[in-house]
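Annotated features in TrEMBL:
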type: TRANSMEM; residues: 65-85; note: transmembrane segment
type: TRANSMEM; residues: 97-116; note: transmembrane segment
type: TRANSMEM; residues: 192-212; note: transmembrane segment
type: TRANSMEM; residues: 224-242; note: transmembrane segment
type: TRANSMEM; residues: 262-284; note: transmembrane segment
type: TRANSMEM; residues: 342-364; note: transmembrane segment
type: TRANSMEM; residues: 392-410; note: transmembrane segment
type: TRANSMEM; residues: 416-438; note: transmembrane segment
type: COMPBIAS; residues: 455-464; note: compositional bias 'Polar residues'
type: REGION; residues: 455-475; note: region 'Disordered'
type: TRANSMEM; residues: 497-520; note: transmembrane segment
type: TRANSMEM; residues: 526-547; note: transmembrane segment
type: TRANSMEM; residues: 559-580; note: transmembrane segment
type: DOMAIN; residues: 559-608; note: domain 'Cationic amino acid transporter C-terminal'
type: TRANSMEM; residues: 586-604; note: transmembrane segment
Amino acid sequence: MARRLSWQDLQASGSAIATRLSLQDLQCLVRRKPACSAADRAESSAAGAPAGGGKGRHLAKALSVPDLIAIGVGSTIGAGIYVLVGTVAREHAGPALTLSFLIAGIAAALSALCYAELSCRFPLAGSAYHYSYICIGESVAWLIGWALILEYTIGGSSVARGISPNLALFFGGHEKLPFFLTQIHVKWFETPLDPCAAILVLIVTALLCLGIKESSFVEGIITIANVIVMLFVICAGGYLAFQNGWSGYHDEQGYFPKGVAGVLSGSATLFFAYIGFDAVASTAEEVKNPQRDLPWGMCLTLSLCCFLYMMVSIVIVGLVPYYALDPNTPISSAFAKYGMQWAVYIISTGAVFALIASLIGAILPQPRIVMAMARDGLLPPLFSAVDPTTQVPTLSTILSGICAAILALFMDVSELAGMVSVGTLLAFTMVAISVLIVRYAPPNEIATKVALPGSSESLTSDSGYSEPDEENSEDLLGNVQDIPTANEANKIRRQKAIACIILIFLGVVTIVSSVSFSFFPLFLRSIAGAFGSLLLVSATIALWFIGQDKSSLRQTGGFMCPFVPILPVCCILINVYLLMNLGIHTWIRVSMWLAVGAIIYVFYGRKYSSLTGVAYQRISPA
């Protein structure tokens with residue numbers, strides 16, 4: 001006779017189910033996309049689409065090193081260089097502006113080297129979102145992808161709204177602009193409408209829908225024109241400076257009027273002038289030979305940008321004393337003081353070219369990130385569709401362009417510019433952490449579809465060979481024997497490495513907090529700084545002695561980031577410092593956007609993720 005269930009039995013069963021569900025909810029936050037499946041998808045993409053209709057499944061493999069340089073330089077060198085040299089020289093660095101550009105370039109190169117390794121290991125669309133999904137977990141990857149969507153939308157809109165004021169010079173002022181280029185004042189809106197910005201965004205969107213090769217070709221032409229203008233500034237300005245004995249450097253206060261602190265604070269501002277090389281990583285799936293071309297594309301992009309920035313700063317500060325530079329038009333005003341009024345038109349032309357190139361570079365990566373998130377089930381699958389003719393994510397591109405155009409038409413996004421930096425710096429930080437993870441505790445799981453209760457199916461992915469059972473195994477005669485200690489030792493090593501990486505991040509946050517939060521008492525900040533420094537140094541040394549995973553060193557497929565773990569740790573330290581100094585208002589706005597993203601993830605992404613119902617089976621390194 002069956003025993004009747006008591007109320008206590010029902011309560012116990014309910015609590016067990018609730019505990020299991022809560023654990024499953026927490027596990028879904030840290031579930032990772034298997035690296036082997038990503039590699040398989042990359043290989044299938046590189047091999048080309050199968051005959052008979054598979055062409056539209058993957059993006060076109062059409063980019064080479066020159067195309068990547070055009071995209072990277074065009075995205076990086078915006079109109080800011082035509083303004084930043086005056087602002088930073090006057091307020092921070094003085095004649096040592098060149099050193100500030102150099103330090104900022106080196107800091108950006110740390111992130112670029114991390115990007116270069118991960119783009120070689122996982123050459124698929126998605127950039128930092130894709131790397132975080134493989135190395136850290138789904139929830140972090142979602143937040144990074146969601147923040148990058150905001151970054152590229154606001155970045156493209158702010159660039160577009162800066163074009164019409166520069167065009168006004170060629171028409172003799174704002175009042176003489178054609179009606180479709182001038183800003184329109186509406187009494188219901190405090191901010192004037194900018195149809196020129198919206199039209200330009202839509203034109204760039206149409207260009208990107210034609211194909212990646214066509215887009216990179218146009219980007220290359222515009223970037224070359226911008227570089228020619230900068231070379232004119234360097235050559236003509238250098239000639240004038242030689243004729244006048246580099247008068248700008250003859251200052252009684254010397255080369256460091258604000259001290260070393262001024263140079264460093266100036267480099268923190270100029271760091272954002274190098275943001276844009278990550279657009280190269282977003283095109284990884286469209287590169288013909290990603291293991292070879294992506295590292296070259298990123299390194300040459302940063303090298304060329306750093307060279308041009310430094311040469312322009314040398315010339316402009318040599319022409320005019322730093323304190324006499326116009327903060328709004330430093331380059332134009334410097335030439336005007338030597339009677340070269342006509343040079344203003346050339347420089348303004350360069351600024352327009354730089355803005356258009358930056359606009360292309362800002363809109364290009366966003367559809368690919370949306371497509372990658374839709375591929376993984378975190379967004380509706382219709383956004384992952386690739387046009388079979390142009391082999392670009394057309395729907396995602398059109399949607400991104402329309403959103404950026406609406407924002408550029410109705411809003412003055414200059415107040416939201418700080419939000420662009422949050423997405424970039426968060427991505428840089430997660431990429432550096434991902435390098436540490438992939439070197440010391442690389443993902444070595446394969447996906448296994450869990451069969452539904454009562455069904456006889458169980459779909460397993462193709463894997464090499466699985467790791468033996470952790471308890472025991474049998475030899476050829478059927479005798480039970482212990483597992484070789486190598487597997488257990490490797491498991492312990494991985495656990496120690498993960499603990500050290502977590503401690504490194506906590507140490508960085510503690511140090512930066514003690515430096516940045518000046519409202520705390522000095523003794524408290526000193527104690528926190530000392531504790532954080534001890535934690536950071538000891539965890540880094542421990543990670544060094546733990547050693548890198550041998551299988552990870554054999555599976556790079558291309559470029560490897562040097563000086564690990566020191567370089568990624570420095571990268572994390574720099575990016576977290578910049579993040580914590582962006583201002584409270586910026587963080588409030590970003591938090592609202594991230595909260596909206598978290599709601600979408602909880603109610604849609606978590607449920608429809610491609611990893612839902614997937615278990616993992618650890619595989620032994622080859």
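In case you wondered, yes, glycine gets a Cβ from its N, Cα and C as well.
Long-range neighbours of the transmembrane segment (65-85) within the same chain, counting only residues 6 or more positions beyond its ends whose Cβ lies under 8 Å from a Cβ of the stretch, are 97, 159, 162, 166, 213, 216-217, 219-220, 222-224, 226-227, 230, 269-270, 272-277, 279-280, 283, 287, 293-294, 296-298, 300-302, 304-305, 308-309, 312-313, 316-317, 325, 327-332, 347, 350-351, 354-355, 357-358, 360-362, 364. With a threshold of 8 Å between CB atoms, the same-chain residues lying at least 6 positions outside the transmembrane segment (192-212) that come near it are 59-60, 62-63, 156-157, 160-161, 163-164, 167, 180-186, 218, 283, 286, 356, 359-360, 363-364, 367, 387, 390-392, 394, 397-398, 400-402, 404-406, 408-410.
When the domain 'Cationic amino acid transporter C-terminal' (559-608) is classified with DSSP, helix, strand and coil residues number 40 helix, 0 strand, 10 coil. Touching of the transmembrane segment (262-284) and the transmembrane segment (97-116) is concluded from the presence of at least three CB pairs under 8 A, sequence neighbours closer than 6 excluded. The transmembrane segment (586-604) makes no contact with the transmembrane segment (224-242), as judged by fewer than three Cβ pairs under 8 Å among residues 6 or more apart in sequence.
Among residues of the same chain six or more beyond the transmembrane segment (559-580), those with a C-beta under 8 A of the stretch's C-beta atoms are 107, 110-111, 113-114, 116-117, 120, 268, 271, 291, 294-295, 421-422, 425-426, 428-429, 432-433, 435-436, 439-440, 504-505, 508-509, 511-513, 515-516, 536, 540, 543-544, 548, 553. As a quick check, the transmembrane segment (97-116) and the transmembrane segment (416-438) clear the bar of 3 or more Cβ pairs under 8 A, pairs 6 or more apart, so the two touch. For the transmembrane segment (416-438), the residues of the chain that approach it from at least six positions outside its boundaries are 110-111, 114-115, 117-118, 121, 127-129, 131-132, 134-136, 140, 143-144, 147-148, 150-152, 154-155, 158, 272, 275, 278, 498, 501, 504-505, 543, 552, 561, 564-565, 568-569, 571-572, 575-576, 578-579, 582-583, 585-587, 589-590, 593, judged by C-beta separation under 8 angstroms.
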